[in-house]
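Engineer: Taken from Swiss-Prot, the feature domain 'DPCK' covers 4-199. Annotation comment: Swiss-Prot describes Ala12, Ser13, Gly14, Lys15, Ser16, Thr17 as ATP binding site, evidence class sequence analysis.
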Amino acid sequence: MTLVIGLTGGIASGKSTVSSMLLEKNFPVIDADLIAREVVEPGEKAYDQILEAFGKEIIQNDQKIDRPKLGSIIFTDEDKRKQLNAIVHPAVRNRMLTKRDDYINNDVPCVILDIPLLFESNLGYLVDKTLVVYVDEDIQLTRLMKRNEYSEKEALDRIKAQMSLKEKADLADIVIDNNQSVEETKLQLDNVLQKWNIS
């Protein structure tokens with residue numbers, strides 16, 4: 001029987017680092033962010049819906065969506081963010097389910113669904129166990145400002161747009177504390193995999 005793990009965290013919490021560690025161990029990882037990019041490509045149903053909802057001004061010369069421009073709209077307008085999520089989330093969920101079920105049908109021991117908004121989108125029912133990558137907010141803020149060259153306000157707006165990592169940690173089956181070194185995070189992940197008998 002396949003164990004389905006929901007991996008989540010917050011922006012700049014280190015979730016992608018843990019996801020990469022799982023890939024290195026040859027676990028199949030279904031990445032919601034990658035799928036979210038796929039489903040909004042020209043020719044996809046969600047692309048047409050976004051164009052209809054937000055207008056041509058968010059389209060680049062190559063006909064792809066101008067993600068920074070769309071991002072600046074949705075991070076300052078909650079109604080617009082909800083509107084975008086109502087288009088993108090179902091498309092992402094359906095594609096993730098198809099991929100997950102393919103792995104289950106092929107009897108893989110474990111599959112990871114890497115979903116940043118696992119709890120916000122009420123997607124816990126898609127997985128058997130939840131794993132949250134946690135980091136203190138001050139470290140999260142510093143990492144995000146450095147990584148994306150955001151001002152403190154821009155970084156805080158993006159952090160506040162998501163459920164807090166403390167709330168996510170309370171909902172998780174297991175939490176990986178990513179405040180320390182990458183080596184420490186790797187050690188914690190190894191312990192989790194052993195605990196769940198999938199190392």
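Note that Cβ sites are derived from N, Cα and C of the backbone, with glycine treated the same way.
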Engineer: Helix, strand or coil for Ser16 (ATP binding site)? Use DSSP.
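Structural biologist: Looking at the DSSP assignment, Ser16 (ATP binding site) belongs to a helix.
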Engineer: Summarise the model confidence on the domain 'DPCK' (4-199) as a single mean pLDDT, whole number.
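Structural biologist: Overall, the domain 'DPCK' (4-199) comes to a mean pLDDT of 95.
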Engineer: Under 8 Å between C-beta atoms and at least six apart in sequence, can you list the same-chain neighbours of Lys15 (ATP binding site), or say none if there are none?
Structural biologist: Leu7, Thr8, Gly9, Asp114, Pro116, Val133
Engineer: So among the binding-site residues Ser13, Ser16, who's got the most Cβ atoms within 10 Å?
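Structural biologist: Buried the deepest by this measure is Ser13.
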Engineer: Under 8 Å Cβ to Cβ from Gly14 (ATP binding site), same chain, six or more residues apart: give me those in sequence order, or none if nothing qualifies.
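Structural biologist: Those within reach of Gly14 (ATP binding site), by Cβ under 8 Å and sequence separation of 6 or more, are Val133, Val135, Asn178, Thr185.
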